[in-house]
Amino acid sequence: MDSFFRSEEMCLVQLFFQTESAHNCINELGHLGLVQFKDLNPGTVAFQRRFVKEVKKCEEMERILRKYSRFDKLEQELKEINSNRDTLRQNFTQLMEINHLLKVFDAFLFYLHDRFVAGVIKHERFPAFEKILWRLFHGNFVLRHEDPVKKDVFVVFVQGDQIRGKIRKLCDGFHASMYPCPNNAYARKEMRTNVNTRIEDLRLVLKRTEEFRETTLTAAAANLQEWASKVKKMKAIYYTLNLCNIDITQKLIVAEIWCPVSDLNSVHTALIHGSEQSGSSLSPVVNRIQTQQTPPTFNRVNSFTSGFQSIIDAYGVGNYQEINPAPYTMVTFPFLFAVMFGDCGHGLVMTLLALWLILHQEHFRKLKNELIDMLVDGRYIIFLMGLFSIYTGLIYNDCFSKSFNVFGSSWSVRPMFHPHGPWTNDTLHDSGHLHLDPLVSGVYSGNPYPFGVDPIWNIASNKLSFLNSYKMKMSVIMGVAHMLFGVTLSLVNYIFFRNLKDVALQFIPEVIFMLSLFGYLIFLILYKWCVVMKSESAPSILLLFINMMLFDYSSEGTVLYRTQKPVQIFLVVVAVLMVPWLLFAKPLLLYRKHKQLKFLSLPFCLSLFFGVKKAFVSLQVSMADIFVYQGIHTIEYCLGCISNTASYLRLWALSLAHAELSEVLWKMVLQVALRVTSGMGSVLLAVTFAAFAVLTVTILLVMEGLSAFLHALRLHWVEFQNKFYKGSGYKFTPLSFNRMRDMQ
């Protein structure tokens with residue numbers, strides 16, 4: 001269970017197996033997907049060449065080579081088909097050009113004599129061709145042309161063989177195709193009939209060729225993915241072999257791997273299975289070795305947790321055995337998102353979308369679309385965000401900007417009327433706004449609404465003021481609690497790594513500093529909520545906190561309870577004292593330790609070598625560097641407590657913005673259509689509802705949802721994780737064929 005909350009314990013293992021079983025052993029480890037090879041042979045491929053000679057005898061290689069031979073045969077067949085198709089198309093094009101050329105001859109029959117040049121030229125080259133003809137021969141020719149498709153058919157009638165020869169050279173320069181045409185009308189007719197017959201034959205042959213080509217490619221496509229997978233697997237195996245080494249006898253492969261301690265038996269079993277498949281006489285040897293190198297970070301995930309782990313890894317891969325924020329993020333991330341996105345109607349739509357993605361994930365993955373793949377990978381994140389949004393929407397009593405009155409309001413209007421209260425019927429007609437007085441007996445039942453916000457606030461004129469105060473204070477409480485939880489997780493890291501000095505010199509002053517100021521701020525908020533007082537005389541929490549920091553108790557309305565002044569002075573003094581504790585205690589202790597190790601004795605053998613009895617090395621420790629480093633941390637933490645607390649106010653701001661946008665859409669779009677009572681009201685309602693649905697999805701679900709997602713991401717990366725998470729490790733990248741297949 002501990003591995004769920006921090007990265008897996010890793011070990012460095014040395015492997016020995018015979019060269020004849022190397023291919024099968026690595027193949028089994030690739031299917032296991034729990035081994036990362038270290039590079040023992042950097043910058044060389046000579047081992048790969050030696051190893052290929054040994055491995056060619058194995059059955060797996062022979063089977064793959066046979067498959068490669070079939071692939072070569074298919075490749076030759078396709079090349080031959082494509083070559084024949086290109087030749088047929090070229091002949092077909094020439095016949096079509098001759099056919100059009102003969103049509104031009106029939107159109108300009110009265111110009112015919114034995115001195116002419118006929119051919120076909122590309123359409124874009126014809127204007128330049130015509131211009132050069134006029135410049136060279138000054139009009140001593142007759143030019144006729146037509147443009148049937150994308151080429152021009154031309155006939156040039158000239159006098160003299162010399163001019164005709166020059167025109168032929170000009171046609172060669174413009175890459176025009178020239179064709180001989182008979183002068184005799186009967187011969188042209190016979191030629192045209194022959195050309196049309198050949199065209200029809202070629203069309204039939206081309207059709208059969210295309211069908212055969214399509215059949216061959218379809219048959220090849222059925223095995224294409226399997227071939228690509230095999231090629232990638234072979235490349236991965238040979239790449240892994242390049243990371244291994246070989247002994248001088250050329251019989252044993254030596255490899256070093258990182259793998260989880262809990263999976264050592266599985267690794268050994270896979271190696272034995274690969275060795276047995278090759279018929280090796282020696283069993284592979286697995287030897288766990290000690291090392292001072294930092295192991296890679298491996299967090300075991302499944303389809304549900306992988307999306308949240310990706311959010312953490314995007315910030316930075318955790319240090320080895322550092323506490324993993326992902327399990328806590330699975331709760332806090334969708335909850336903070338829902339605080340900003342609180343609407344049970346919108347949350348229900350998001351939940352249904354996530355369920356659709358979950359149920360049809362295989363279909364969506366086949367689409368090979370980057371955006372859809374991103375949504376499918378985060379389907380469980382969207383699902384939890386939708387569920388939490390339903391919950392916070394019920395807390396806010398908000399569903400598409402409307403409220404539910406399930407349990408009955410705790411407020412009553414009837415007691416405000418005469419004789420119990422001051423209202424009469426005339427009061428209702430003469431006043432635009434009326435105030436319910438909770439001091440009048442029966443107006444407020446004394447029992448709050450059982451779950452969430454009382455529905456009467458949805459029709460109250462001071463609804464925004466009430467929700468503004470409520471959500472702002474709620475955001476501060478959640479923010480301070482979230483940050484305190486992050487600081488508490490740093491204690492778990494200190495205890496796990498047996499770094500008890502940081503508990504006394506860093507964790508304790510950090511917690512005391514935050515509790516003295518911002519913990520007390522939460523106390524003021526909760527205390528003011530719990531005591532009964534008139535709104536006119538109730539002091540402002542913000543002014544109370546500012547005056548507390550300034551030691552200002554002279555102004556009226558700054559006292560919330562009797563012993564407030566001495567308590568606040570004590571807390572501020574304690575918080576101020578934590579700053580020098582953070583700033584000086586740890587650097588002075590480190591400096592003292594380095595002073596004790598000022599001189600280190602070198603081994604006696606070195607002293608003999610240099611001709612001296614003893615040598616000393618002085619450790620030059622810069623006091624300034626230690627204080628600068630700790631000073632940066634202290635300033636970042638103390639100022640960060642203030643700025644980070646203010647940063648959590650985004651929960652309040654985005655929640656209000658979402659609620660107000662939802663209310664605007666209701667009042668300005670759907671409510672207008674609902675008030676129409678004419679005969680076309682139903683048609684207008686259908687059109688308006690479609691517009692309302694589109695605007696709700698695009699603005700409130702997509703844009704507001706993306707905004708709330710990014711803000712929740714920032715709160716976790718900056719305000720929460722920087723209290724305990726360093727994120728400066730390197731990721732465990734095992735040889736895994738399953739992962740390679742998923743990436744295809």
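For all residues, glycine too, the Cβ spot is worked out from N, Cα and C.
Note: TrEMBL annotation is automatic and uncurated.
Among the features that TrEMBL reports, coiled coil is placed at 64-91.
For 335-359 (among others), the entry in TrEMBL reads transmembrane segment. Residues 375-376, 379-380, 382-383, 385-396, 398-401, 474-475, 478, 482, 650-651, 654-655, 658-659, 662, 696-697, 700-701, 704-705, 707-709, 711-712, 715-716 of the same chain lie 6 or more positions beyond the ends of the transmembrane segment (335-359) yet place their CB under 8 Å from a CB of it.
Within the same chain, residues 303-304, 307-308, 311, 330, 333-335, 337-339, 341-355, 357-358, 361, 404, 451-453, 467, 655, 659, 705, 709 sit at least 6 positions outside the transmembrane segment (379-396) and bring their C-beta atoms closer than 8 Å to a C-beta of that stretch. Residues or ranges marked as transmembrane segment in TrEMBL: 379-396 (among others).
If one looks beyond the transmembrane segment (476-497) by at least 6 residues along the same chain, the residues whose Cβ comes under 8 Å of a Cβ in the stretch are 6, 321-323, 325, 328, 332, 336, 339, 503, 506-507, 510-511, 514-515, 518-519, 521-522, 525-526, 641, 644-645, 647-649, 651, 715, 719-725. As annotated by TrEMBL, transmembrane segment applies to 476-497 (among others).
TrEMBL lists 503-526 (among others) with the feature transmembrane segment. Non-local neighbours of the transmembrane segment (503-526) in the same chain are 473, 476-477, 480-481, 483-484, 487-488, 490-491, 494-495, 541, 544-545, 548, 560, 568, 571-572, 574-575, 578-579, 581-582, 585-586, 589, 637-638, 641, 645; each lies 6+ residues outside the stretch with a CB under 8 Å from one of its CB atoms.
If you look up TrEMBL, you'll see 538-555 (among others) marked as transmembrane segment.
Non-local neighbours of the transmembrane segment (567-585) in the same chain are 505-506, 509-510, 512-513, 516-517, 520, 548-549, 551, 627, 630-631, 633-634, 637-638; each lies 6+ residues outside the stretch with a CB under 8 Å from one of its CB atoms. Residues annotated as transmembrane segment in TrEMBL: 567-585 (among others).
According to TrEMBL, the transmembrane segment annotation covers 597-616 (among others).
Here TrEMBL flags 683-703 (among others) as transmembrane segment.
Within the model, the coiled coil (64-91) shows a mean pLDDT value of 72, rounded to a whole number. Within its own chain, the transmembrane segment (683-703) is flanked in space by residues 343, 346, 349-350, 400, 658, 661-662, 665, 669-670, 672-674, 676, which lie at least six positions past its ends and keep a Cβ under 8 Å from the stretch.
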